[in-house]
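Copied over from TrEMBL:
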DOMAIN    19-47  domain 'C3H1-type'
ZN_FING   19-47  zinc finger
REGION    204-241  region 'Disordered'
COMPBIAS  229-241  compositional bias 'Polar residues'
BINDING   R377, D426, F427, H428, A429, G430, A431, E432, T433, S500, K501  ATP binding site
COILED    606-644  coiled coil
REGION    645-742  region 'Knob domain'
Amino acid sequence: MNSGLPASAAPLGGAGIPNVKVKFCRYYAKDKTCFYGDECQFLHEDPSMAGLQLHGGGSPVPLSMAGGGGTPAGKLWLLSSTVPGMEGATLSDANLTNSYFSSSFIGVNGFGMNTSVLNSWHFMSSTDPVNSPTSSLFSDFGALSISQRRKAPNPAASEFIPKGTPRMATMAQSTVQAFPSPLFPHPALSTSTAAALAPGMSLSAGSSPLHSPKITPHTSPAPRRRSHTPNPANYMGPTTASDQGAHIIQKETVGGTTYFYTDNTPAPMAGMVFPTYHIYPPTAPHVAYMQPKANAPSFFMADELRQELINRHLITMAQIDHSENPDVPSEVDSYHSLFPLEPLPPPNRMQKTSNFSYITSCYKAVNSKDDLPYCLRRIHGFRLVNTKCMMLVDMWKKIQHSNSVTLREVFTTKAFGDHSLVFSYDFHAGAETMFSRHFNDPAADSYFTKRKWGQHEPPPPRQHAGLLPESLIWAYIVQLSSALRTIHTAGLACRVMDPSKILITGKTRLRVNCVGVFDVLTFDNSQTNHLALMPQYQQADLVSLGKVVLALACNSLAGIQRENLQKAMELVSINYSSDLKNLILYLLTEQSRLRSVNDIMPMIGARFYTQLDASQMRNDVIEEDLAKEVQNGRLFRLLAKLGTINERPEFQKDPTWSETGDRYLLKLFRDHLFHQVTEAGAPWIDLSHIVSCLNKLDAGVPEKISLVSRDEKSVLVVTYSDLKRCFDSTFQELQAAASGSL
């Protein structure tokens, strides 16, 4: 193994240590890198620099490492010399412990040397640590990175997938400035390869990828990197071609295996300063200019959105008084807390719906399996005789679309006193049907009402004067056609394209409800192919879509009746564009070939982009409202913790606990937050002051504040970092007592 050593191989020896010739690594000597890493059996040094001597020369002096036991493998050999500025100083074992070394120390016959860059080297000297020649000595030996235990491959690890984002350990900032020059200057360290090395990284350190197992370890950095919080500084790096050309070679050890990869992330720009605590930014300009109200709140979400969310929460949490509604069961299958979403008529006055030809009722209920609210559609008096229809139910369960209410399950029950079939759907609180929003005005049908002889016909309605705006109708068309496209692509048919079965949430959001009900109610067990009639049903969906659009354009359900079709189309021609008229005619006219919902896409045309733009602008507004409230939870937790500490009457049988020690500082800080007064003695209430102080406390900034006692006889000047330390230690003490660990 040691045969054929070159003449440049330097012998190492000493008292009690056999002379060992160390062969230089030819890979490292050529390219200044070795893929064997610490496992390499040869010395990673430049042969041309092996003859350099220290200042003044000297002899080898062993320095014992912790746990070395005096063996050759347990000692680090340094060259003793007279160092300028450190005459008479000795380097003891206590000053050079293995806490400064972190990588393998492996060589020929168990002895060798491997250099890598150390994060920092702490020492105290009476001379200038930067400009003195001593700095070069400690800089070079500070570059040694040695550990006693040899890294072994992990057989349970798996193949490494290179990562694109670095996961660097934060380097400890030394009080001593960086040393300007090394003791052994390597010519290659000025090249692009060495310059690209990250601080604390070395091409020759770590285990060899050659010995890595061929499977990816479960703790591989590739999966963990996907969830890392991005550093804002990484997105503000230089973008010039010269800056992008330098790629940093990173190193990461996972499961005993060291991986090298190239970091393509741009280096952060120098001189960037970020706030040390949270500061509320102003409204984004692209949202500020689209605000319709000039007096919109700047620190809270819009009142309209807040009210809408509160109403949804109220409906979701609503319950029924069972003493006044004994007919509603307390539990149906795995659902409980039933709440009727539609008025329940007396049993003798129930009527069959025009859609399903069965008596139906709708409830909100909570599933005991996941504690989520669902909408239960009950079909009264229906006995399911064959379960083959569940094949279609399973197909409906797979459809997830933003404009369709998802079907979750179908089951039968006797909890209502009869054989009932129940469909479980996602619950959308605050939704109303298209019928109740747009077709609930009897006066809207007056234009299509037949006149008696001698009565004058009223003038036709106009847009924004009895008719819906065309932009709203196109918004509905885009959403309904999108839902139909997804349903038809899955090989199913909607069959419930009716204003009474289309839900509207918010202002313009549509969802098709009660999907899959007809497939179960009209299931024919005698058919072998239960999907054979789906193309016919899909054609019926397009006709139903045309009727819905025509009814919206006329703002009346009377317009879709056969005797009023001509009059309704005339109304559309007068008030709306030819594209809307052509779309209605295409959907309502029978064609010689099978039509597809994709055929109406050219008629929608560029209006699709209008709806997409409106949706994204709405998303921007909601995100801006969310940004105003995103810190409220953190501030509330701070106030909750502060409230558990202040004015506590007794703790650990000490009635003065909240008035002494760290708790007294927190009490004065509470007064500083909420009990400020003006020069005239009036209460000074400033929400920005409270929020700013809480943010500084949470971050522990070094800013100083004056805390004045209530009798104004004591003034304490403390920093927010001191208050944070008191705050955390006190609350941890309370938590320990609550958990019984005290």
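Cβ atoms here come from the backbone N, Cα and C positions, even for glycine.
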If we skip the immediate neighbours and take only residues 6+ beyond the ends of the coiled coil (606-644), which ones have a Cβ under 8 Å from one of its Cβ atoms? 278, 280-281, 283-284, 286-287, 290, 297-302, 305, 471, 474-475, 478, 579, 666, 670, 691, 694-695, 697-698, 727, 731, 734
Confidence over the domain 'C3H1-type' (19-47), expressed as mean pLDDT on the 0 to 100 scale, is 72
Same chain, |i - j| six or more, Cβ under 8 Å of K501 (ATP binding site); the result in sequence order is N355, T433, V512, N513, C514
Spatial neighbours of A431 (ATP binding site) that are distant in sequence (at least 6 apart) but have CB under 8 A: L503, I504, T505, R511
DSSP-assigned states of the region 'Knob domain' (645-742) in counts, ordered helix, strand, coil: 51 helix, 14 strand, 33 coil
Do any residues at least six apart in sequence from R377 (ATP binding site), in the same chain, have a Cβ closer than 8 Å to its Cβ, and if so which, in order? T360, S361, C362, V422, F423, S424, Y425, C514, V517
